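Record features, source Swiss-Prot:
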- 474: active site, proton acceptor (ACT_SITE)
- 52, 125, 197: [2Fe-2S] cluster binding site (BINDING)
- 84, 126, 127, 448: Mg(2+) binding site (BINDING)
- 127: N6-carboxylysine (MOD_RES)
């Protein structure tokens, strides 16, 4: 008996009572034969205004061509996206994190309303990645992700530069390290074309996580956007989705607890973004996998940082592609017993089977350190708790900035206030910069603090100050930084009670973040505190404030 592959779409295409549905489909150009084909949603996060996304419609066409070669019907549709790089440092960043959930909602909506049988998602930028994955998890129909790919490095005066060079150029100009002419040259040459920001920033971090989860094809995360190999990956989409339909392999068969452990190990080895904590928690929630913030610390305790990627290192993802790509790194980790090789993937094979034919990393490569010579012996993503963050916080500690910082609070109620203080020379060595009311509800949208961290680094203060916030950090942020502090200030968390001059200790060895105040002093301040007004009174951000959960649970919007 032939297996039914159009088990969803046939509800519309083969039911005589759905004549209007069929009339509209005939109107799109479908014929009698098409009406019996499985329909595959092709969700492209395309828009022109961002290097990460500008080429995705072209990739979607390649995917559609591949799908239709397999006697399937490809149905392209679009969803929204927000460029973190463009909105960074402005109120527009409030829309970034919530775009993740809007992407998931919109893909779920189109797929469910139109009864598509499978899904190929094509994300390009930071929040695109988990948004597409959350939709796949909720729907639990055969599907996978094709990453839009990484950008090539820019070149200025013979040296490689990237988006973070552009971010840091303003601080460097303020401090006299570069001229205005050099700053202008930097911003014009940092992004040479299509592709996501090139270092181990959030998009590449999440692409690695998705590949380790088994939800993208091998090499997807490290293949550059404009390469022949990215087109070849799209050409495999048809046979891949048809195989998933025939074997009835669904996301929840792949996105298991062990698969999430693989993802956490890989992003740690790669020196990935703090945003991975939020996004993996949200992705796990979409498939009902029990994952919590403390699981990241368990992985960090036994997993080294091996990759020398920007922002704290010197290489970009295209460099890894040239020496074997992400699968070569995973093969090394599998040999060392650090990955679960028996996890199922979208190829229909296990992770170990996918890696059998992959070449080893070159012995003399300088991008990925050997296990006996790590950049940092334990993970860089550290979960800190204490009276400043009872529910937890996420620190990005590579080791280059030290592991303990003691200083005095310099408190700001917004990112803009802090930026002005740096410009006016009011941030000094020994400060623990506190940026509060920038959490999921308070921000709203938990905006990223790349502009402040870039100013700090550009001004030469990276080794001398720390920054803590209930907001997030870009994958491009580095320095002594702690974000995701929960509870957030807007909900009366400890950040709301801090005052200038308070002594704060950040200890990434013992995973503690504390302020030197007695319980009585904290209670007295709490009694005087008044909640601020919501920053959004209408529209999508108003709804986000009402529905978003704490950073410690992934900032999801569909919890009970």
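Glycine is treated like the rest: Cβ placed from N, Cα and C.
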I need the CA-to-CA distance for residue 448 (Mg(2+) binding site) versus the residue listed as 'active site, proton acceptor', whole Å please.
5
If one looks at the chain holding residue 127 (Mg(2+) binding site), which residues at least 6 apart in sequence have a CB under 8 angstroms from its CB?
81, 82, 84, 96, 97, 99, 100, 103, 202
Three states by DSSP: which one describes residue 52 ([2Fe-2S] cluster binding site)?
coil
Name them in sequence order: residues not among 84, 126, 127, 448 whose Cβ is within 8 Å of the mean position of the Cβ atoms defining the Mg(2+) site.
82, 93, 96, 97, 125, 202, 275, 474
Report the residues of the chain - excluding 52, 125, 197 - with C-beta within 8 Å of the mean position of the site's C-beta atoms, for the recorded [2Fe-2S] cluster site, in sequence order.
50, 51, 53, 83, 84, 85, 124, 126, 151, 195, 196, 201, 203
Spatial hits near the residue listed as 'active site, proton acceptor' (Cα distance within 10 Å) out of the binding-site residues 52, 125, 126, 197 come to 126
Students should find that the Cα atoms of residue 52 ([2Fe-2S] cluster binding site) and residue 126 (Mg(2+) binding site) sit apart, in Å rounded to an integer, by 9
Return one of helix, strand or coil for residue 84 (Mg(2+) binding site), based on DSSP.
helix
What is the interatomic distance between the Cα atoms of residue 126 (Mg(2+) binding site) and residue 197 ([2Fe-2S] cluster binding site), given in whole Å?
9
Helix, strand or coil at residue 127 (Mg(2+) binding site), per DSSP?
coil
Through the lens of DSSP with three states only, how would you label residue 474 (active site, proton acceptor)?
coil
DSSP three-state assignment (helix, strand or coil) for residue 197 ([2Fe-2S] cluster binding site)
coil
Can you check what DSSP calls residue 448 (Mg(2+) binding site), collapsed to helix, strand or coil?
strand
